[in-house]
Amino acid sequence: MQSISVKAYAKINLGLLITGKRPDGYHTLETVFAPINWYDELTFSPSQEVRMSCTNQDLPCDDSNLCIRAAKALRDFSGVSSGVEIGLAKHIPFGAGLGGGSSDAASTLRVLNRMWNINASSHDLHRIAVGLGADVPYFLESGGLAYAAGIGEELEDLELTLPFSIVTLFPGDHISTVWAYRNFYACFEREIPDLKGLVRSLCQARDTSVLEVFDNDFEPVVFDHYPAVREAKDALVQSGSFFASLSGSGSAVFGLFENDSDAERAAEQLSATYRARFTPASFAMA
């Protein structure tokens, strides 16, 4: 069998509201995922064992890596004895809140389900994905905007794309999601806005006023401890973004722009200071 190569795209969060904490310690949330044009490249080759290599030497390639965990979880589910050599060309910054590791894991499930002739159902793959992480189901099942709730297991593809251009900045800090959940300023007693309805107004009527309720609950604690992240958000606004926010638990931030030309110009200017990536309006994962 020949090798298979794929791209694994990153995401941003339009709003990230932490709604509670379960008895098992997991936090529940509501968010809207949107894809961006920042991707890793993965190559899957037949092998006797499950193993991995990566262009970024700071990333482990052992059982703690989500790709390895995804491959072994699928193998355990199916009972196959096949192996795979995974080659990861890492471009999405890690510890940035862009879901790079989750996207890589979703690509691993999708490719190996075919390569190993498992033909697991979408329901079975969803269960495996939920066990790997809150963002993994999104990358497995959606190409555009999607609403997620619970611990990520409640996922609804909104069948929409964002009609605005995006500039994403990585300030350089690597922020642990575990740290962010331990330290964010909890406020569970509040009314949660209808993110699904509001994002439809945003996309279908270009009603940008709805964005005022698209808060990210990690922003206050991240900005307090990582001032460079706040500065990056401010830089986006100064460059013409009409809405800017932290993505996930950071440290990446993103800004929305009215058109591609303004966004491209801002990305080029900001690339002198940050790792910057432009995403055109109405982008969807291939």
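Using N, Cα and C of the backbone, Cβ positions are placed for all residues, glycine too.
Predicted, not measured: the structure shown is a model, and the values here were computed from it.
Per Swiss-Prot, active site is recorded for LYS11 (among others). Residues near LYS11 (active site) in space but far in sequence (CB under 8 A, at least 6 apart, same chain), listed by position: PHE33, ALA34, PRO35, ILE36, LEU98, GLY99, SER103, ASP135, TYR138, PHE139, SER247. According to DSSP, LYS11 (active site) sits within a strand segment.
According to Swiss-Prot, the active site annotation covers ASP135 (among others), on the basis of sequence analysis. With a 10 A radius on its CB, ASP135 (active site) counts 28 other CB atoms from all the protein chains.
As annotated by Swiss-Prot, ATP binding site applies to PRO93, PHE94, GLY95, ALA96, GLY97, LEU98, GLY99, GLY100, GLY101, SER102, SER103. Taken residue by residue with DSSP, PRO93 (ATP binding site) is part of neither helix nor strand, so it is coil.
Sequence-distant neighbours of GLY101 (ATP binding site): residues of the same chain at least 6 apart with a C-beta under 8 Å from its C-beta are ASN65, LEU66, CYS67, PHE94, GLY133.
Considering other CB atoms within 10 Å as the measure, the emptiest surroundings among the binding-site residues PRO93, GLY97 are those of PRO93. Among the binding-site residues GLY95, GLY99, the residue whose Cβ has the fewest other Cβ atoms within 10 Å is GLY95.
Taking the mean position of the Cβ atoms of PRO93, PHE94, GLY95, ALA96, GLY97, LEU98, GLY99, GLY100, GLY101, SER102, SER103 as the ATP site, the remaining same-chain residues with a Cβ inside 8 Å of that point are ALA10, ILE92, GLY248, ALA252.
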